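Report on the following structure.
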Amino acid sequence: MKLTLLIGILLIGIGVVLNTRQQWVTVFYGVPVWKNSSVQAFCMTPTTRLWATTNSIPDDHDYTEVPLNITEPFEAWADRNPLVAQAGSNIHLLFEQTLKPCVKLSPLCIKMSCVELNSSEPTTTPKSTTASTTNITASTTTLPCVQNKTSTVLESCNETIIEKELNEEPASNCTFAMAGYVRDQKKKYSVVWNDAEIMCKKGNNSNRECYMIHCNDSVIKEACDKTYWDELRLRYCAPAGFALLKCNDYDYAGFKTNCSNVSVVHCTNLINTTVTTGLLLNGSYSENRTQIWQKHRVSNDSVLVLFNKHYNLTVTCKRPGNKTVLPVTIMAGLVFHSQRYNTRLRQAWCHFQGNWRGAWKEVKNEIVKLPKDRYQGTNDTEEIYLQRLFGDPEAANLWFNCQGEFFYCKMDWFLNYLNNRTVDPDHNPCNGTKGKGKAPGPCAQRTYVACHIRSVINDWYTLSRKTYAPPREGHLQCTSTVTGMSVELNYNSKNRTNVTLSPQIETIWAAELGRYKLVEITPIGFAPTEVRRYTGGHDRTKRVPFVLGFLGFLGAAGTAMGAAATALTVQSQHLLAGILQQQKNLLAAVEAQQQMLKLTIWGVKNLNARVTALEKYLEDQARLNAWGCAWKQVCHTTVPWQWNNRTPDWNNMTWLEWERQISYLEGNITTQLEEARAQEEKNLDAYQKLSSWSDFWSWFDFSKWLNILKIGFLDVLGIIGLRLLYTVYSCIARVRQGYSPLSPQIHIHPWKGQPDNAEGPGEGGDKRKNSSEPWQKESGTAEWKSNWCKRLTNWCSISSIWLYNSCLTLLVHLRSAFQYIQYGLGELKAAAQEAVVALARLAQNAGYQIWLACRSAYRAIINSPRRVRQGLEGILN
């Protein structure tokens with residue numbers, strides 16, 4: 001019992017230790033994670049005309065979509081979708097570059113004397129026409145268009161009848177005087193203006209004082225050539241390192257917080273560049289159903305209605321007549337294009353074709369189906385009316401550009417046709433539909449509308465006005481598909497809902513690009529693991545060639561973290577391969593068009609997209625390098641994971657979900673990684689200072705020992721050489737000083753016959769002491785030198801003996817250490833042999849036991865039928 005309790009406690013302790021094991025921050029490179037971005041996208045187009053080739057790169061026709069198993073929020077309007085905002089800015093630049101408005105100089109901001117031009121046709125209306133127009137009713141039989149009897153589809157119109165019902169454009173011939181080539185002399189000029197483009201003081205029609213409209217804020221800079229572009233479609237593409245997400249949900253209506261059918265693409269579909277107010281022309285998105293998009297899902301001030309393509313709605317606009325343009329040279333370098341003198345233009349007009357009433361009826365049915373939190377108007381579709389707005393000409397009319405000319409079309413007749421009633425623009429009933437001149441009145445129903453062409457317009461993107469050259473010569477015509485309309489939903493006290501055409505241009509790009517979302521790929525992720533970085537070595541991961549694209553990389557966004565982490569090497573290759581491939585394609589296109597791109601604004605944007613991609617790639621690599629993780633897909637660190645309450649579910653959680661949970665921790669994690677990297681660099685620096693002693697196995701390098709012995713041998717030779725040099729120097733010094741005999745050890749006797757104490761003649765006193773004094777001095781000096789030489793010799797001998805003994809002792813110790821090492825290696829070898837023998841015996845015993853168990857199981861299986869038979873026999877007997 002006690003043993004069982006101890007085993008249980010031991011197992012519980014082991015489990016606690018395993019569960020509380022320290023985790024460390026691990027850096028993963030190549031995780032499929034992204035964040036919203038507002039980076040500048042670039043454009044592609046299949047069009048090969050001049051504008052397209054100078055502003056966009058050729059289309060690669062790659063429409064690959066990779067589905068993602070994730071949910072993502074989407075928003076269609078420009079204030080929350082940077083791609084939609086970019087479209088508005090870029091299309092405005094298209095207008096500026098191609099239509100070339102004239103600005104900054106005001107030669108025509110002067111007083112002009114104007115005379116109204118007479119009509120080129122009789123002002124009286126023929127009787128046949130009068131008879132057909134005086135009693136116009138709501139029935140379709142009075143319309144100048146043929147209608148299919150079995151449906152409400154408008155098939156064709158009689159252009160002659162339409163043109164007879166339209167008035168001519170009112171125009172005036174204006175004369176003015178200004179300095180020309182000679183500055184001190186004024187010259188008279190004559191220019192024809194449309195009456196809508198001049199401001200005149202009250203007076204008779206024969207002679208009026210007029211000024212150009214918006215004279216104070218719209219001026220002319222240069223002679224502006226008349227240019228235009230045909231229908232142009234382009235695609236927005238994400239720079240390298242970025243991507244476009246697309247929402248494919250069926251119920252998407254411009255706003256959704258959890259779009260589930262998401263795919264990733266490199267470029268959008270082809271979108272149109274037609275700018276209009278009210279109606280959406282030539283849209284790229286159309287389905288077999290009517291859709292209503294509300295801004296931010298709840299706004300009634302900005303509503304997008306997408307028509308059902310089943311109704312085949314189109315509009316054809318024409319400017320009849322063979323208009324001619326007369327160039328007027330105003331001054332040196334400035335030519336103003338005027339209409340030819342004494343001519344009046346016929347009005348332009350637009351004819352609406354298709355089942356418009358059926359489409360409008362379906363729109364009303366969809367409006368009343370809106371949830372109550374999004375629509376509080378009437379549920380009676382008969383009380384829902386389509387109307388126009390009042391105010392600036394661009395807002396009050398259908399405004400669009402047709403072959404470079406700006407059309408302003410008054411929609412009253414067509415709106416009366418759609419609403420199937422005869423009222424004035426204020427919804428007041430009126431009797432009769434006869435208007436001014438030949439034209440029908442505002443209460444008439446028509447499937448066509450009258451249009452004006454103007455040269456002075458309000459800029460739709462900036463708060464300014466632009467002046468363009470007068471309309472071009474010849475016949476103008478363009479046909480467009482109507483895919484939707486921009487409206488406002490207004491309610492009033494009469495239990496009526498007014499659907500008002502809106503001039504908001506951004507609705508066009510919301511319809512075209514609202515399903516797309518520009519994101520920045522952030523391939524660096526953090527997660528806790530139980531592996532700590534080994535700081536003993538620094539080896540660099542080998543880089544491999546890249547062969548796949550980044551769409552496949554993002555395709556793993558919906559997989560679990562564990563499955564994605566096991567393929568990080570391949571995913572990082574996909575990411576970098578996509579970056580490199582996109583850069584290669586973009587660079588090739590830029591190089592092919594470098595001469596044409598160098599002066600265009602969109603060309604600069606394309607180059608900027610390339611620079612942005614390079615900056616992003618270098619930024620990611622710089623971050624990895626700062627953490628010591630350069631060129632690594634999985635990089636373990638020495639930073640402990642301090643947030644134990646935040647751990648990933650590797651089998652069920654995606655990287656995107658995990659990154660969103662720890663996004664607020666990223667700042668702390670990166671700071672700790674940088675500090676750990678700095679400390680590691682300091683440790684590495686100190687470690688390298690001791691690198692010559694760091695490797696234990698370097699002691700067994702024979703070449704190092706030879707170097708040490710060589711140094712010792714050279715030291716001994718140096719000492720011996722110094723000793724020899726000193727000896728030679730001593731000998732030479734003695735020779736140079738001369739020979740000095742040593743003092744005698746035995747007294748030298750004087751000459752014979754002379755006693756010791758004998759005195760010579762004339763000598764007196766004892767001379768013995770004085771005669772021996774020089775000998776004593778000489779003897780003392782020689783003795784000192786002899787002693788010094790002996791001591792030097794002894795010191796050299798002792799030094800040699802000490803050096804010899806030291807070397808001998810060192811060799812003895814080395815021999816002893818080598819013997820110990822040899823003994824240790826022998827013991828290790830013996831232990832290893834014993835361990836191998838023990839493992840072999842253990843394996844043999846285990847194999848034998850396994851064989852016995854298998855044999856027993858085999859015999860049991862084989863003997864089972866016999867034992868069953870024996871048991872049955874015993875039971876039956």
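Glycine is no exception: its Cβ is also placed from the backbone N, Cα and C atoms.
The signal peptide feature in Swiss-Prot is assigned to 1-19; the stated evidence is sequence analysis. Under the heading N-linked glycosylation site, Swiss-Prot lists N36, N69, N148, N158, N173, N282, N288, N312, N322, N431, N495, N652 (among others). Positions annotated as disulfide bond by Swiss-Prot, on the basis of similarity to another entry: C102-C224, C109-C215, C114-C174, C237-C267, C247-C259, C317-C350, C402-C478, C409-C451. The region 'V4' feature in Swiss-Prot is assigned to 409-451. For 544-564, the entry in Swiss-Prot reads region 'Fusion peptide', with the evidence type sequence analysis. Look at Swiss-Prot and you will find 668-692 tagged as coiled coil.
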Notebook entry, point to check: What is the separation, in Å, between the Cα atoms of C247 (disulfide bond) and N69 (N-linked glycosylation site)?
Noted result: 12
Next item on the list: Give the sequence-ordered list of residues that share a chain with C237 (disulfide bond), lie 6 or more positions from it, and have CB atoms under 8 Å from its CB.
Entry: A41, F42, C43, M44, L244, H266, C267, T268
Checklist line | Nearest of the recorded positions (N288, C402, C409, N495) to N312 (N-linked glycosylation site) - Cα to Cα | finding: N288
Notebook entry, point to check: What does DSSP say about C174 (disulfide bond): helix, strand or coil?
Noted result: strand
Margin query: What does the structure give for the C-alpha distance between C109 (disulfide bond) and C350 (disulfide bond)? Integer Å is fine.
Written below: 33
Check: From the Cα of C259 (disulfide bond) across to the Cα of N495 (N-linked glycosylation site), what is the distance in angstrom?
Finding: 36
Item checked: Top Cα neighbour of C478 (disulfide bond) in the set of recorded positions N36, C174, C317, C350, N652 -> C317
Margin query: Roughly how many Å lie between the Cα atoms of C317 (disulfide bond) and N69 (N-linked glycosylation site), rounded to a whole value?
Written below: 46
Next item on the list: Determine the minimum-neighbour residue: among C109, C174, C267, listed as disulfide-bonded residues, which Cβ has the fewest other Cβ atoms within 10 angstroms?
Entry: C109
Checklist line | By Cα-Cα distance, the member of recorded positions N282, N288, C451 nearest C114 (disulfide bond) | finding: C451
Item checked: Overall pLDDT of the coiled coil (668-692), taken as the mean -> 77
Check: For C402 (disulfide bond), which DSSP three-state class applies?
Finding: strand
Note to self: Can you tell me the CA-to-CA distance separating N288 (N-linked glycosylation site) and N282 (N-linked glycosylation site), as a whole number of Å?
What the structure shows: 16
